[in-house]
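Copied over from TrEMBL, here are the features:
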type     : residues : note
COMPBIAS : 378-387  : compositional bias 'Basic and acidic residues'
COMPBIAS : 388-404  : compositional bias 'Basic residues'
COMPBIAS : 480-497  : compositional bias 'Basic residues'
COMPBIAS : 504-516  : compositional bias 'Pro residues'
COMPBIAS : 561-574  : compositional bias 'Basic residues'
COMPBIAS : 620-633  : compositional bias 'Acidic residues'
COMPBIAS : 652-666  : compositional bias 'Basic residues'
DOMAIN   : 51-311   : domain 'Calcineurin-like phosphoesterase'
REGION   : 371-404  : region 'Disordered'
REGION   : 474-517  : region 'Disordered'
REGION   : 554-579  : region 'Disordered'
REGION   : 614-666  : region 'Disordered'
SIGNAL   : 1-21     : signal peptide
Amino acid sequence: MKMRSNALLFLAASLLQSLHASPIGDLGLQAPLEDLESSHLQASSQRLHGRFLHITDLHPDPYYKIHSSTEEADACHRGKGLAGTYGAETSDCDTPYSLINATFKWIAENVRDVDFVVWTGDSARHDSDELIPRTADEVLSTNRWIVEKFQDIFRQDDSDNGLAIPIVPTFGNNDILPHNILLSGPNRWLKTYTDIWRKFIPEEQRHGFERGGWYYVEVIPNKLAVFSLNTLYFFKNNAAVDGCALRSEPGFEHMEWLRIQLQFMRDRGMKAILTGHVPPARTDSKQLWDETCWQKYTLWLQQYRDVIVGGLYGHMNIDHFMLQDSKQVSLLSEDDLSAESVVRATMDEELTIESANDYLEELREDWSGLPNPSAAIKEAKDDDPTNSKKKGKKDKKKSKRDKALKKIGGPWGERYSLTIVGPSLVPNFFPTLRVFEYNITGLDKTATWASVQSEGRSEMKDWFEEEIFSQDEDEVSIEKKKKKGKKDKKKKKKKPKKPDFVVPLPPSKSSPPGPAYSPQTLTLLGYTQYFANLTNINNDEAIAPDTLELEEQINVDKWQPGKHKGKNPKHKPNPKPFQYQVEYDTFKDPIYKLKDLTVRNYLKLAHRIGQYKPEKGDSIEEVEPETLDDGPDANDHDSSNGSSDEAEADKKKKKHKEKKHHKQHEKNKVWLRFVRRAFVGTLDEEDLRTFDEDEILVPEFREEL
């Protein structure tokens, strides 16, 4: 009996150790506070739900230490400070295991009825601690650990190994070593991730993934594919590659693969969601991608606008969106304005409040010159031929309507494409994740990814067999027709530049607009954004720092110690129950007013954000104060959380926030809401005022090209 009791104790101890094991082996580091009971978390996959999860930038840190210092020299690994139980919000510290475990537990309990998961990379900590440099084993081990988390939640009911839904990962710039640098494949990193993600990458695509790190998954068989792009081959900070123009570059090869697969989707009547880590961010002065990659990508978006549903990315940590303008594609023009003529600086790898301020205001300035889609649509609706008795009046009205619609690319805004950037799980602000909803009208609800796994693998176009450097017959014949049609014209136009790549064909003239433009099956309908208010959950009370530390609260260094700089805890960790709550959802949002996530609705939103003189209904004076707040507690900090100390510190911040002021304060509530959401509600009123008080150079109206 005694021997049996000892054996049971040993077994219990072994199980406890396995539950709290570090993904990197026995490092003697932080033990997760919560873990998953996987036997209770098998996902249901019997039918489509019309929802999917997007999660990005997890950055798990095995060395995170509760109540350590958020200073750069300590990085939440050492010292004494106010690094909370679930993370040090607003700092550059990475994610404690407690937050990872609590997040997956919450997903298992609240977000399991989804059709697929988009996971856009960076599942290793930053290399920000010189005393504990990262190793390849650590980077790969934390990625394996996150894979196990997904598998625990979304495994088949009757299988220990099979998944109930597809998980579509991509790797980020911190998922390799050294960070940012990925050589052309095949290489050991791509080979290793092929093994780590073997249950996620379709078997027939693993060879291609080893070659370049790209693949797609038919998340709804024969209807919808999610593409995982290797954006490190487009990323300007990857010194191992050189853009997408040269045939010898992996970026060129990647774009060719994407073109061929999108054509394959079109031929099969399928649609595609594009996903990746580093988004194609680009303003007048800065960008993240090499310009040649941005040019090709934007051209592909335009030519395959009947196929592409949208683009989802991470990396930048801030909640926002961007529009790609096909009029800025110069690859096919005589006047090449790409990399040679317009030099854009490389955008900061990690956006601070200061650098994000500049970036968001540049976006706003760009959007201030957008054509007004509402006005264009109104012109079209008002154009009723029965109201025009005289032909001249009718023709004049038609000309005005056509000109208005041409500015936005027709009634659906097809001149533009949309990229949505999700905020991160790592608590540089508040940890965040999103659940998207999409239209499944007309689809067979039982035709799921899991239902066809036992029936055989999906098709895939073998792009290696394609002639990627010569145009196909249809493209050649079209070029001949164009030349023939131009012979009779007296006034000859300049010849377009002959590209050194295959230009995809646009949709046929008889094709209806795609799901990114016109509401239809597979159109993205909206999303609900969840966040965890760590200031409230960590429940830490601070000892106020001295005056000198307060004066240095805001710094311009690359490392951000955040709101806890110089503070020490008054008591031992005593966190409240962990939970995510709704920050906002696009379905009931009274400010954004997005009917769905089509390009035309985002064009309207961007136009409204860009107005320095707000449109009617968008002025702060024209809205009730309560509608300016997002979900409950988005900026609510208990007095027990040391808010009195923070209020005293806030008084000292203004010295470091002094900038040139408007003649009057910002009036556009849509812009201020956009900024508040960009930082997931972590900005206090003083921080928000930096966006309110900057000197704004309102651009003159410019005629659209």
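Using N, Cα and C of the backbone, Cβ positions are placed for all residues, glycine too.
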### Summary
Taking DSSP H, G, I as helix and E, B as strand, the compositional bias 'Pro residues' (504-516) contains 0 helix, 0 strand, 13 coil
### Task
For the domain 'Calcineurin-like phosphoesterase' (51-311), would you mind checking the mean pLDDT of the predicted model?
96
### Task
By DSSP assignment, list the helix, strand and coil residue numbers for the region 'Disordered' (554-579), in that order.
3 helix, 2 strand, 21 coil
